[in-house]
């Protein structure tokens with residue numbers, strides 16, 4: 001019995017939140033890794049792109065709410081999501097036209113591209129702030145729980161509570177759909193195949209008649225979509241705050257590098273490695289410990305790291321990967 | 001990058017002209033908004049210029065992208081707290097040994113893990129390293145936690161931290177540089193020699209972590225409770241002492257100045273003199289080293305790593321060296337900033353302001369040119385401050401045609417964010433149309 005209670009506690013406080021967070025990171029890391037493999041630079045503006053996309057989704061959600069449109073038990077933001085994606089993708093294409101295109105033409109060094117993305121980051125940051133401000137915003141208006149603590153107790157009779165929030169289920173389901181669509185696109189469609197060819201060998205791809213402008217444009221559209229979805233899911237699950245999204249840049253980069261930058265499967269795996277380590281190391285294991293060893297009454301929280309240091313976890317994993325396996329868990333590219 | 005680094009045919013008058021414009025802007029500020037505000041902008045601008053000098057060493061001389069200047073700056077800022085604050089009675093004797101022992105255990109565990117990794121082979125290696133690290137971590141926490149409790153219990157409303165050594169503030173400046181250099185060595189050792197943007201990501205991470213430590217480790221710097229009343233460096237007087245000195249008041253009245261205003265201006269001027277001395281010393285050192293064989297080697301590596309490596313230069317080693325030196329300069333600026341502010345507020349470290357704005361300063365000033373960094377530092381700081389001031393006015397004018405109501409209010413309210421937009425556009429414009437900056441490298 002105590003063992004089951006311990007398992008429930010671990011599921012409730014570690015497995016469920018880490019799975020949802022991991023799915024959000026994975027979607028973010030997919031965007032970073034796509035830009036990296038097609039355009040060959042680390043996009044520092046990605047966090048702010050996520051913030052911008054989410055900001056647009058929130059505005060449209062408010063618009064829908066004002067018009068009285070709702071999505072039943074699901075959050076209205078899911079209805080607004082396609083519109084948010086369209087706006088963000090348009091912004092991405094515009095940014096590419098105005099900013100990045102020139103650097104591709106002069107074949108600028110990757111590090112110059114990174115610097116350019118810092119400039120874009122400033123502009124995106126300002127746009128998001130103009131759009132929606134810097135405050136914390138909760139925009140989840142759906143049903144809060146799939147299983148709440150009382151239902152769980154009635155269902156199982158266990159005294160250890162377990163709750164499953166609907167945003168967590170929505171996150172995982174949406175992420176699975178998005179990833180499946182992305183892999184289908186990359187693996188089965190003509191454009192997707194030409195993107196992979198472009199990523200593997202740019203010169204050879206150009207030689208075989210692949211239109212680089214189309215590849216780049218599609219990449220930006222997909223990145224805008226991934227960023228908006230990831231940002232919206234994160235905002236639904238936790239809350240929206242522009243600065244938090246900037247800070248997500250570190251775990252997202254860490255996920256992409258841990259998995260092997262430029263490798264989509266790696267980005268997903270990396271997202272879950274980072275999220276499980278982060279949640280597992282910052283969780284206070286006291287409750288689980290008392291279930292497992294009933295005679296032992298720990299005096300602390302049995303917390304390995306305070307939650308304030310969650311970024312240290314991504315950073316440490318990043319450093320370990322850089323030292324021992326710079327290509328990542330799944331073989332990524334090294335340019 | 002290498003294609004646009006050739007010596008250009010820029011006019012000799014370019015640098016004096018831009019510095020004259022900069023001086024004119026500061027003078028204009030003095031005449032329109034008062035000398036207090038003008039000197040405040042100039043002092044902070046010069047501090048930003050020192051940070052820009054450090055970032056320029058990394059980006060301009062070596063092409064290394066440091067996305068964590070904020071972290072090294074914050075770490076440097078810890079030095080005045082630890083060196084020049086008065087000691088907290090009983091803190092060091094109470095918790096000092098525990099903390100020292102904990103750090104000793106941590107260092108021994110890491111060294112032992114490294115030794116095992118190098119000397120063992122096979123499956124036992126991974127297990128042994130993990131075991132050593134886990135035992136080390138728990139021993140560390142077992143020693144560390146009680147010591148921290150002891151320290152934080154001492155007079156928590158005013159102290160509750162380890163306190164300083166009570167040494168003169170000027171000593172803390174080089175110590176800040178050393179602290180930052182140590183952190184930079186650790187990061188550079190792992191992230192350099194790999195892809196160029198891995199360093200950017202690693203530094204982005206270390207910066208967040210350093211600031212998180214400063215926010216949460218109360219025993220060290222009181223965390224979010226802030227450390228106040230950090231002593232000023234040696235020749236800088238305190239306003240209150242000046243106002244209480246009859247000689248000073250008489251002198252000010254003889255010049256027709258309000259003694260209170262006069263005292264703040266004198267204090268700012270004293271800081272200004274100190275900062276200018278530090279900047280001149282740094283410029284002299286960096287210019288001398290750039291002209292030396294070492295400087296030529298650095299530029300050769302930046303312009304063509306492969307051919308420099310073929311000439312037998314150890315590129316990664318040189319990169320580590322310049323990265324550590326540049327971060328030391330940023331740490332120095334961090335310590336100086338804390339002595340100027342007189343307080344340590346870890347929540348005020350914001351990456352846009354202290355990392356990315358400094359990069360804008362370097363690039364606008366002219367990558368690789370030290371005078372360019374000084375110019376960029378002061379000029380961009382001026383624009384940053386002024387964009388915050390002018391934002392609401394400009395936005396008000398822009399929003400005037402809209403009808404009163406939600407949209408107009410929203411636009412006017414969001415005007416303070418104008419500076420982000422201005423900075424982004426300046427950075428993008430310079431990178432696109434004038435990648436060598438205002439004062440190109442010779």
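Here the Cβ of each residue, glycine as well, is placed from N, Cα and C on the backbone.
Because TrEMBL annotations are produced automatically, they should be read as predictions rather than curated entries.
The following features are taken from TrEMBL:
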- A:20-39: transmembrane segment (TRANSMEM)
- A:51-71: transmembrane segment (TRANSMEM)
- A:77-99: transmembrane segment (TRANSMEM)
- A:111-132: transmembrane segment (TRANSMEM)
- A:168-186: transmembrane segment (TRANSMEM)
- A:215-236: transmembrane segment (TRANSMEM)
- A:311-330: transmembrane segment (TRANSMEM)
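Only sequence-distant pairs (6 or more apart) were considered; of these, fewer than three Cβ pairs between the transmembrane segment (A:111-132) and the transmembrane segment (A:215-236) are under 8 A, so the stretches are not in contact. The transmembrane segment (A:215-236) and the transmembrane segment (A:311-330) are not in contact, since fewer than 3 Cβ pairs between them lie under 8 Å (pairs 6 or more apart in sequence). Looking at which of A:51-71, A:77-99, A:168-186, A:311-330 has the most CB pairs under 8 Å to the transmembrane segment (A:20-39), the answer is the stretch A:168-186. Packing against the transmembrane segment (A:168-186) from elsewhere in the chain are residues 16-17, 19-20, 23-24, 26-27, 30, 74-75, 78, 142, 146, 192-193, 195-196, 222, 225-226, 229, 233, 236-237, 264, 268: each is 6 or more residues past its ends and has a CB under 8 Å from a CB in it. For the transmembrane segment (A:77-99), the list of distant contacts is 49, 52-54, 56-58, 60-61, 63-64, 69, 71, 116, 119-120, 127, 139-141, 170, 174, 216-217, 220-221, 223-225, 227-229, 232, 235-236: same-chain residues at least six beyond its ends, Cβ to Cβ under 8 Å.
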